[in-house]
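According to TrEMBL, the protein carries these features:
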DOMAIN    B:14-55  domain 'Phosphoribosylformylglycinamidine synthase linker'
ACT_SITE  B:51  active site
BINDING   B:54, B:93, B:494, B:531  ATP binding site
DOMAIN    B:76-191  domain 'PurM-like N-terminal'
BINDING   B:95, B:532  Mg(2+) 1 binding site
BINDING   B:96, B:97, B:98, B:99, B:118, B:242, B:314, B:315, B:316, B:534  substrate binding site
ACT_SITE  B:97  active site, proton acceptor
BINDING   B:119, B:270  Mg(2+) 2 binding site
DOMAIN    B:204-358  domain 'PurM-like C-terminal'
DOMAIN    B:438-559  domain 'PurM-like N-terminal'
DOMAIN    B:576-709  domain 'PurM-like C-terminal'
Ligand SMILES: Nc1ncnc2c1ncn2[C@@H]1O[C@H](COP(=O)(O)OP(=O)(O)O)[C@@H](O)[C@H]1O
Ligand SMILES: [Mg+2]
């Protein structure tokens, strides 16, 4: 699998993402500078976490207009696979490649803690290594992860199965109103969403930071392994 | 030479306003041979401020041990540098931002983090971890909540954005910090040993380059203010607050590291306190060269800035670089790629002077040697503190169970999760032990088998009772916290926070604390490689007198694990025997038990036997290295029972405890704060105790891992759910969250 | 010409910040406070002399970057 | 009565957000943009019928909570 990681000014989890991709693919992902206007030949484009442009104005707003974005849009239109994590998710929503928006966390504080994610379907390249209903642990680290969209959009996401992950209890129960298990207050406890063609996935927590038992576990690894399985040509 | 039009005439009165004494001003006149210009006076006043010149502390700091075979650069550079093996170096330092954090907690703390990061990456290191040592006023003080909120947000806001994980620290509350919180930030970075950058300028004619953010009128006279006594007036000195821009700092880190991979740099220095002045004076002074600056070339954020303002501005996120002349275009291209300002603002000369030009006028022309050599140096009078009265007989009014509950819920022991959950502790993907998981945070060195063990420690109440013991204890506790993870302690950085050095009793505390630190550093082969001094931490009492903070020599410790996979944490494992390492006499003087149960801060702090410290620690580390230890936690605030409760709360299991040491009151055994002790969980207690005896180390079996709570010798069990509920209540209640 | 763009969350989008400020005002003893909404103002110095042109430009900037129309509304006004 | 409190950084205080947004607008091709400053608006629904009293109340709230007077200035106005 040929993966590329897009680096914007202020991106800071590109190294974490590179480690995770290296662990599963055995090869070094390409780093793509935001100022480029073309993408190399890739199977997967990753928008990693961080604070692009300082997260000033709105998280991801300025990065969504970076010179590389038209090329990413073209890649998406051609059916390319894109993973956006944390700031990457915010950028994808700001760019309109995924629906909805991410507001300040409900408690108005940055949250850096482990959370549990329930896998909503397993027939996507991002989730195929799990079973629907499986729960895995992932660190979250964000100030603006409170997912929101208008009612019609949420209904459409639900109806078409475009919710990839929800915040849940370790046993898989979801409780939107519970701050312990839906820490940032996301509507319907949504932690990750998919594009209509299921090839673009955005999520707030960081599976890439849990791919090594030394760092506390390998809970995030199936996501990357699944991508390799699905995308290797 | 005339000073710029419209500026204040320079007089002795003005010099005094700038913080210079009459005598110091006399020296300025004799060095200059004339009345200095306003800009020159500004330069003298900041360079001779306590903050930049260490005039009250220098003679004492020299007494600290600073060398070891693994020390590459000790104090004197921007940060300390130690050899961690495999051709790599750890570069680290701690620095205070106390006064700014009182005036504007968010920005004060944020810019404190920014400043210490620059001290570390300026030497060529990629920052890999941040820690912070915080002291706040009483939780009852209505100001405390605002300050805690701002400081924690500020530290997180800056560190999270630059993408350096915040992995540890410490927090105390005490009314002595009511008007003067302490915010000490520490950064650790990694560099290749053959690519370490220093600040001594060299090469007559070489260009001097300014990079980073533009200069504004921020924080002018910050350096002198942070050295002057702190009172209500400080709140009126406001408009000069510096605002940090962590986004620019992130770009600056990447751009500097990119430039450092080339051969362009001769010398580099961040612009810290007193910005352009101290960076240019220090770089030229260390290199024994002169420097000419052309302020017209300085990137400016505001119109009409004077030379005085530019030289004294403390705008953040700026660096000064002496560069090889044929590499300037290469350097410019790198900084332009990262969208940062880049300007050649001067060059090195053979005059031995700093010459500052602005709009066709020489605004300053000062010989550098006397500016450095004749900087004031004071051996201020000291007065001994009274010996603490012996504690005398003491009773236990509440019993063990009640006392434990009160202790683990008290401000100094309550869970810090509310705080560290606001800090990104995993960015970088190398955090092996996050906050709360081990006595020291463990960060893997990417691409190697190495791990760093990092901690900050100080027990100010011990220091107030006996500064010498307290100084030694702070060093020993840092050493112990590193040992408890299985790492080899290498070196420390310090942040010496004290009251006014003009008070003999404060100077006495300062000198005694340094003596104690020095003794411990020598005994433990744990040299000081960098540090910072913050004096004049005073607040004004309603009656007009000024009150000093508790003496607070915060210690930042660094250790290394050759094989990071061997690091252990403090969480109770699911099996094993709990063994206490180290002797217990049941010392309750200055203990948290005494404070929380009796409301007394009395008695002598626990004595510390540095030979036993070393013996116990070396033994524990060897046992961990041998794979014989499942978990380890040092015994500190609150004593053995608190240590056990912390292990249980962090782990899945509880424990069943045996009877306390006979011949000792139970509260003294369970809550005494005797030093040099560890609680370990081991699979084979027999082998462990035999090995200990052979090493001359005292041990004692405390009980067995098991159950779902702490089962006391009486048979009563305190459930883990209850422990956790009590332990985690304090911060949310304080912060109304 | 100076233009001000004021960006507020759309009606119906929950504003936790506004709610928190409302609560804090109440705790501080300020009574009689109803709904509190928090938004952003962006003041732009524009190289324009015609107010209509300046507003138009600001509108374009707001649509393009300054506001996220999925959740926010904006108003532009020339202030000087 | 609805009152609007506008809070901006004091002159001379660095505005990292404004700086970054100014830069982004430039990159997006919006020319002729000078200084950009970013602030906050707080809209308060107050239980008052007298505009002067409402403003006074809002001023007190701004001083007490809404603005950080160390680095920010504020303006209050009655909007409805
Ligand atoms: N300001 C802080 N920032 C991050 N972590 C902190 C902070 N204060 C305390 N911690 C973490 O909380 C845990 C407990 O702190 P402390 O009681 O000081 O530990 P110890 O007594 O072992 O030195 C440690 O992991 C420490 O690093
Ligand atoms: Mg400690």
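Cβ coordinates are placed from backbone N, Cα and C, and glycine is handled just like the others.
Remember, TrEMBL labels are computer predictions, not curated facts.
Quantities reported herein were computed from a predicted structural model and do not represent experimental measurements.
If you count neighbouring Cβ atoms within 10 Å for each of the binding-site residues B:98, B:316, B:532, the highest count belongs to B:316.
A 10 Å radius around the C-alpha of residue B:95 (Mg(2+) 1 binding site) takes in these binding-site residues out of B:54, B:118, B:270, B:316, B:531, in sequence order: B:531. Looking at which of B:14-55, B:76-191, B:438-559, B:576-709 has the most CB pairs under 8 Å to the domain 'PurM-like C-terminal' (B:204-358), the answer is the stretch B:76-191. The ATP site is defined by B:54, B:93, B:494, B:531, and by the 8 Å test on Cβ atoms against their centroid, the other residues of the chain that qualify are B:61, B:75, B:94, B:95, B:493, B:495, B:496, B:528, B:530, B:532, B:533. When the CA atoms are compared, the recorded positions lying within 10 A of residue B:54 (ATP binding site) are B:532, out of the candidates B:96, B:97, B:98, B:118, B:316, B:532.
Our reading of the ATP binding annotation (B:54, B:93, B:494, B:531) yields a largest Cα to Cα distance of 16 angstrom. A 10 Å radius around the C-alpha of residue B:314 (substrate binding site) takes in none of the recorded positions listed as B:51, B:93, B:270, B:494, B:531. For the pair formed by residue B:118 (substrate binding site) and residue B:270 (Mg(2+) 2 binding site), distance between Cα atoms is given as 6 Å, rounded to the nearest Å. Each of B:14-55, B:438-559, B:576-709 was scored by its Cβ pairs under 8 Å to the domain 'PurM-like N-terminal' (B:76-191), and the highest score goes to B:438-559.
The distance from the Cα of residue B:119 (Mg(2+) 2 binding site) to the Cα of residue B:96 (substrate binding site) comes to 12 Å. Chain D comes within the C-beta cut-off of under 8 angstroms for none of the recorded positions B:97, B:119, B:531. Across the fold, the C-alpha of residue B:316 (substrate binding site) and the C-alpha of residue B:270 (Mg(2+) 2 binding site) stand 10 Å from each other. Across the recorded positions listed here (B:51, B:93, B:97, B:118), the residue whose Cβ sits among the most other Cβ atoms within 10 Å is B:97. For the domain 'Phosphoribosylformylglycinamidine synthase linker' (B:14-55), the mean pLDDT of the prediction comes to 95.
Taking the Cβ of residue B:531 (ATP binding site) as centre and 10 Å as the limit, one finds 25 other Cβ atoms among all the protein chains shown.
Reported as a whole number, the C-alpha separation between residue B:96 (substrate binding site) and residue B:532 (Mg(2+) 1 binding site) equals 7 Å. DSSP gives residue B:119 (Mg(2+) 2 binding site) a helix state. Cα of residue B:93 (ATP binding site) to Cα of residue B:51 (active site): a span of 16 Å. Secondary structure from DSSP puts the residue listed as 'active site, proton acceptor' in coil.
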